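Student: Below is the structure I would like to discuss, written out as structure tokens.
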Amino acid sequence: MLLYNSKSYVLQLIFITLLLTQLNKVKSTSSTLTGFTFPNFWSNTQENGTEIIFLGNATYTPGALRLTRIGEDGIPLKSNAGQASYSRPVFLWDSTGHVASFYTSFSFIVRSIDVPHITADGFAFFLAPVDSSVKDYGGCLGLFRYKTATDPSKNQVVAVEFDTWPNTEWSDLRYPHIGINVNSTVSVATTRWDNDDAYVTKSTAHITYDATSKIITVLLTYDNGRHYQLSHVVDLPKILPERVRIGFSGGTGFNETQYILSWSFTSTLNSTKISALTQKLRSSASYSSM
């Protein structure tokens, strides 16, 4: 749901400070499995491709990861898809019963030549098998094939999508939305996304997975105080392999491209820390709507 209040900007600053403090505590524990922070994408590390892998039409551009193509004139192009992912496999679970919890945060902006009338299709943060590849463009967001997009038995991916175009042919929602997707383009949980802000200002997303409760929680925030939240139970070990690839996948049907401006990720076997982060996410959303 959309939550907005004139005082929420200050409250969100307080929340983010507390959240980062808690995140640093998670990173400092011996149970941390994977942890990285890209405060921006200006450095040579990202430019040389040592930390980020690009597939399809995704590429590095000074200051950002661009997921889909633009023309020589800088205008986003139709009908293409791309992925930018972390270069190392990420541990998710093992046969002894260990399951990782994780927290990720990233900022992004969407560009289009025809806002807000015709723009499509969006992008997603995803977890998939290490050997997965870029698939179809448009509403498939590079994660699915059109012929099997709604068949969970044919797919293996969990994603949080930022969908700028409602694909009604899949019985999808009839408005832009944020969704949690499990092996299908049809989301298992959604919230309406009044996404005009995404085209003119930076968006910041926070996503947690609590291995104990098996809940994925999503919070999207804007500097103007707007924010959106949703959550859903997803049993990741029943869906994904022990080690996965994580990253971003975007697709276009109309003229749009998506830029990832910053990205941090940490996973841990200490689900208590992630539970605390999740509670802060939910508390922030509830408090700033008062």
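Any Cβ shown, glycine's included, is placed from N, Cα and C.
Okay, so Swiss-Prot annotates it like this:
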{"type": "BINDING", "residues": "E161, D163, D172, H177", "note": "Mn(2+) binding site"}
{"type": "BINDING", "residues": "D163, W165, N167, D172", "note": "Ca(2+) binding site"}
{"type": "CARBOHYD", "residues": "N48", "note": "N-linked glycosylation site"}
{"type": "CARBOHYD", "residues": "N57", "note": "N-linked glycosylation site"}
{"type": "CARBOHYD", "residues": "N183", "note": "N-linked glycosylation site"}
{"type": "CARBOHYD", "residues": "N255", "note": "N-linked glycosylation site"}
{"type": "CARBOHYD", "residues": "N270", "note": "N-linked glycosylation site"}
{"type": "SIGNAL", "residues": "1-28", "note": "signal peptide"}
Student: Sorry to bug you, but what's the C-alpha spacing from N270 (N-linked glycosylation site) to E161 (Mn(2+) binding site), rounded to the closest Å?
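Tutor: About 26 Å separate the Cα atoms of these two residues.
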Student: Quick one: pull the CA-CA distance for D163 (Mn(2+) binding site) versus N270 (N-linked glycosylation site), whole Å only.
Tutor: 32
Student: If I take the alpha carbons of N270 (N-linked glycosylation site) and H177 (Mn(2+) binding site), what is the distance between them in whole Å?
Tutor: 31
Student: Using Cα coordinates, what distance in whole Å links W165 (Ca(2+) binding site) and H177 (Mn(2+) binding site)?
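Tutor: About 8 Å separates the two Cα atoms.
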Student: Can you check which residues sit near N167 (Ca(2+) binding site), meaning Cβ under 8 Å from its Cβ, same chain, 6 or more apart in sequence, and list them in order?
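Tutor: Correct list: D121, G138, G139, T185.
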Student: Please report how many Å separate the Cα atom of N183 (N-linked glycosylation site) from that of N57 (N-linked glycosylation site), as a whole number.
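Tutor: Here the two Cα atoms lie 22 Å apart.
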Student: Whole-number answer please: how many Å between the C-alpha atoms of N57 (N-linked glycosylation site) and H177 (Mn(2+) binding site)?
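Tutor: Approximately 24 Å lies between the Cα of N57 (N-linked glycosylation site) and that of H177 (Mn(2+) binding site).
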Student: Using a 10 Å cut-off on CB atoms, tell me which of the glycosylation sites N57, N183, N255, N270 is the least crowded.
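Tutor: Per-residue Cβ counts within 10 Å for the glycosylation sites N57, N183, N255, N270 bottom out at N270.
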Student: What's the CA to CA span in angstrom from H177 (Mn(2+) binding site) over to N255 (N-linked glycosylation site)?
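Tutor: N255 (N-linked glycosylation site) has its Cα 18 Å from the Cα of H177 (Mn(2+) binding site).
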Student: Give the three-state DSSP assignment (helix, strand or coil) for H177 (Mn(2+) binding site).
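Tutor: Reduced to three states, the DSSP call for H177 (Mn(2+) binding site) is strand.
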